[in-house]
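> Provided herewith is a single structure, encoded as structure tokens, for subsequent inquiry.
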Amino acid sequence: MAVRRETGGWGVNHGMQAFVEVRDLTLRFSGVTALEDVGFDVGGGQICGLVGPNGAGKSSLFNCVSGYYRPSAGSIRVAGQDVLGVPAHRKVRLGIARTFQHPALQPERTVLDNVLLGGHSTLPGSVLSAMLALPGGRRRERALAAEARELLALLGLAGVERTPAGDLPYGSQKRVEIARALLSRPRLLLLDEPASGLTHAEVGELGELITRIRADHDLTVIVVEHHMGLISAVTDHVVALVGGRKVAEGTAQAVQSDPVVVSAYLGVA
Amino acid sequence: MSLMIDLVKPDGGAARRPYGRMLTGAALVIVLAVFPLVMSPFANLQVTLTLVYAVAILGLDILVGWTGQVSLGQSAFFGIGAYGVAVCADRGWPVWAGLLFGVVLAGVVGCLVAVPAARLRGYALGMITLTLPVVAVPLAKRLEVVTGGAQGLNVTIAEAPEWTGLAADQWHYYVVAAGAALVFALAAALRRSHFGRAFDAVRVDEALATAQGVHVTRYKVLAFTLSAVYGGFAGVLYVVAVQFISPETLILTLSISLLAGLAIGGLRSLLGCVLGAAFYVVVPNVTGEVSAGQSYLLYGVCLLAVMLLMPRGVAPALDRVVRNVAGRRGRAVAPGD
């Protein structure tokens with residue numbers, strides 16, 4: 001399909017090098033340690049789950065990758081490139097896209113407009129050419145809109161492209177976020193609690209969807225999630241954080257039965 | 001697919017017939033074109049001034065409505081544009097040079113203020129922009145050699161060409177209407193483009209905007225600069241309309257009135273900019289007729305009444321009425337639904 005991304009040299013699982021390498025990551029805010037010496041790898045084309053109780057540092061880790069937080073130490077490499085020095089607004093050009101825990105949409109704008117925002121970095125051009133509505137810009141905009149419509153169809157949102165995004169139910173808003181992230185043609189997709197607020201049936205469909213977009217778009221995915229059903233269904237590999245430290249790593253099953261993880265979730269320290 | 005169950009119905013507004021809008025647009029153009037030929041010079045000036053202020057309010061909307069910043073400095077940019085064209089005309093330079101000078105100077109000053117101001121928000125940004133008219137008014141008075149001081153400058157620009165046979169007020173009306181239509185079209189195109197989406201994203205959620213590759217500070221500076229350019233252009237049109245500029249025109253009160261006009265018309269609406277400007281121009285005349293002594297009080301009452309009845313502004317309220325009527329009609333013709 002047209003939205004399929006050119007993979008170039010970033011193929012799935014080629015060679016020994018991991019696609020995402022997190023090393024010795026430490027993040028401190030005025031005395032509070034949010035992350036301490038966290039390190040793990042994610043292979044190209046893999047889906048990595050990031051689990052742990054609230055405050056474990058999962059979102060902090062995402063915010064380090066996105067560039068909102070500057071870690072005190074450590075490194076994050078994506079496709080061999082150090083991404084920590086790259087300003088937040090340039091991350092999307094490196095192929096890193098994300099969704100937010102609470103859908104961050106423009107409520108007055110249509111669903112289609114919200115998805116099109118994801119393609120912002122792919123549209124060049126000056127303010128003047130936008131004001132003059134030059135044909136080149138309009139053609140690119142139409143092509144992007146066609147791509148956005150395909151993604152909406154893929155995500156089961158085909159009928160609502162003209163609806164204001166704020167009028168959609170919560171579960172649909174979360175899918176709009178995924179469509180928006182995909183329109184930037186990412187290589188790495190960060191999903192922040194995609195299942196929260198969804199019904200049981202919706203979570204099942206979300207799992208299938210994540211697996212399918214990974215295959216269709218040659219994506220590497222890191223997903224922060226509390227919903228263990230989803231984690232078991234989609235991940236190749238799970239990293240568990242507790243109190244800012246990595247406490248377990250392995251398959252979903254192994255991590256879920258790890259005594260440290262279990263006691264952290266049950267509140268037995 | 002059961003994913004579809006929770007989706008709301010597509011919005012009814014999309015089903016509106018396109019010719020309805022085209023006919024309305026054509027009718028509006030004809031009315032506006034014939035208006036100055038049949039109305040009094042006073043009525044013409046009222047409409048001309050409405051369009052002038054509509055451009056200034058549109059500039060403010062780019063900053064406030066689109067990007068979510070605030071500015072009390074719009075009257076200063078209005079003044080820069082107005083003095084730019086008036087001073088050039090006063091020295092006998094051609095009007096297009098004055099236009100260019102006024103608009104570019106407004107944009108440059110806007111950009112210079114924006115670079116530090118874009119890092120501020122809310123009250124702090126309001127305070128910074130407040131200083132612009134506070135500085136601009138005495139500056140216009142002091143630079144007497146250039147600006148004509150407190151007396152201001154009388155100029156004659158954009159005279160009606162002989163062949164048109166039009167009176168000054170009629171010609172000025174057409175010039176201002178053409179200028180306003182042009183910059184409204186430019187803003188409409190910008191709003192529909194990915195820049196429009198990016199400005200919205202900056203307003204709604206800066207983290208969201210950043211994640212989409214939008215450089216938040218750069219877009220704020222851009223919005224501020226565009227806003228200043230529109231303010232400057234409105235100032236140029238003002239001088240075309242009244243052939244005069246004095247320091248009294250760019251006082252802080254104008255900035256506040258423009259913000260009030262934006263709130264009355266409604267944010268993020270081109271129609272709202274015109275309605276807000278019409279309110280600012282027309283309502284004081286009406287209240288003055290009703291009671292000369294209590295004019296300002298009555299104006300304030302009107303302002304409060306509009307904001308209480310239509311808290312999001314007149315244009316969104318009208319839009320809702322149109323949608324409801326269209327929705328009802330849509331149901332009436334589809335009995336099987």
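Quick reminder: no glycine exception, Cβ is built from N, Cα and C everywhere.
Copying in the features that TrEMBL gives for the protein in this structure:
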- B:21-39: transmembrane segment (TRANSMEM)
- B:45-64: transmembrane segment (TRANSMEM)
- B:95-115: transmembrane segment (TRANSMEM)
- B:122-140: transmembrane segment (TRANSMEM)
- B:171-190: transmembrane segment (TRANSMEM)
- B:221-245: transmembrane segment (TRANSMEM)
- B:251-283: transmembrane segment (TRANSMEM)
- B:295-314: transmembrane segment (TRANSMEM)
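Burial and contacts for the listed features, if you can.
Beyond its flanks by at least six residues, the transmembrane segment (B:45-64) meets 32, 35-36, 39, 70-71, 74, 77-78, 169, 172-173, 176-177, 179-180, 183-184, 187, 199, 223-224, 226-231, 233-235, 237-238, 241-242, 258-259, 261-262, 265, 267-270, 272-274, 276-278, 280-282, 285 of its own chain at Cβ-Cβ distances under 8 Å.
Distant neighbours of the transmembrane segment (B:95-115): 73, 76-77, 80-89, 128-129, 132, 157-158, 220-221, 224-225, 227-229, 231-233, 235-236; these residues of the same chain sit at least 6 beyond its ends, with a Cβ under 8 Å from one of its Cβ atoms.
Listed as Cβ neighbours of the transmembrane segment (B:122-140) (distance under 8 Å, sequence separation of 6 or more from its ends, same chain) are residues 69-73, 75-77, 79-80, 83, 113, 116, 147, 246-248, 250-252, 254-255.
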